[in-house]
Every structure is written in structure tokens, then in C-alpha cells.
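Colleague: Here it is, the structure in full.
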Amino acid sequence: MAFAGVLNDADITKALDECKGADSFDYKKFFKTCGLAGKSADDVKKAFAIIDQDKSGFIEEDELKLFLQNFSGGARALTDAETKAFLKAGDSDGDGKIGADEFAVMVKA
């Protein structure tokens, strides 16, 4: 699992179970349940690096759509509505993507 050593597998499973249904994803609840909200800045940076699949230094919309699959390969893709809401919540500078600092703010929100 990509988050081994950063997050607890049981917490990840619980967080994924809470948003199994379409349009049930709530990033604040997810970050709390999986334990990321309580992690150090370093661990949040590690999580960002895992989610930033193309290593561009940003999490773009296509990476957000597959956000849950970073936590478990069998997880669902986010719906278009969830993806857009997630991006809007994290993209504080309006450039259409989420940078590492923006991600850290989201995780701690």
C-alpha cells in the first residue's frame, strides 16, 4: 500500500468505507478518518507526493478524480461533481490545480 508507514491500514479502510457511495465523498471527513489530518507536515508532504502521480508538483483534476485509488487500488473514482468540489475547495489561488501548500491547508482544515 502506498501509504504504508504514513497511515494505518484500518483507518484507510474505514475512511474508504465512509465514501463508497457516489457523491458521498467529503474531503474533511476523509482526512480525519484516515488519520492524515493529525499527521506531521512531513507526512502530509509524503501524501501529496503519492497523490501527485505525474510528479508535476501539483494535483490536477485528473489526479483528483482517482484520489481514492491512491489509498486502495479497488476504490472508486470520484464523480465529476465530487472532483470539481474537491478542486474548488483546495485551489485557493484559482490556477486550476492544487499545490503542496494548498493541499496541506486542506488536510488541516
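Here, residue 1 is simply the first one shown, and the rest follow in order.
Positions of Cβ are set from backbone N, Cα and C atoms, glycine also.
Note that the structure is predicted; figures quoted are calculated from it, not measured.
Relevant sequence annotations retrieved from TrEMBL are reproduced here:
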| type | residues | note |
| --- | --- | --- |
| DOMAIN | 39-74 | domain 'EF-hand' |
| BINDING | Asp52, Asp54, Ser56, Phe58, Glu63 | Ca(2+) 1 binding site |
| DOMAIN | 78-109 | domain 'EF-hand' |
| BINDING | Asp91, Asp93, Asp95, Lys97, Glu102 | Ca(2+) 2 binding site |
Colleague: Six or more residues out from either end of the domain 'EF-hand' (78-109), which same-chain residues have a Cβ under 8 Å from its Cβ atoms?
Modeller: 22-23, 25, 27-28, 31, 36-37, 39, 41, 44-45, 47-48, 51, 57-61, 64-68
Colleague: Out of Asp52, Asp93, give me whichever of these binding-site residues has the highest number of other Cβ atoms within 10 Å.
Modeller: Asp52
Colleague: Could you measure between Phe58 (Ca(2+) 1 binding site) and Asp93 (Ca(2+) 2 binding site) for me? Cα positions, answer in whole angstrom.
Modeller: 12
Colleague: Cα distance, Glu63 (Ca(2+) 1 binding site) to Asp95 (Ca(2+) 2 binding site), nearest Å?
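Modeller: So the Cα of Glu63 (Ca(2+) 1 binding site) lies 15 Å away from that of Asp95 (Ca(2+) 2 binding site).
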Colleague: For Asp91 (Ca(2+) 2 binding site), write down the residues of its own chain that are at least 6 apart in sequence and whose Cβ falls under 8 Å from its Cβ; none is a fine answer.
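Modeller: Sequence-distant Cβ neighbours: Lys97, Ile98, Glu102.
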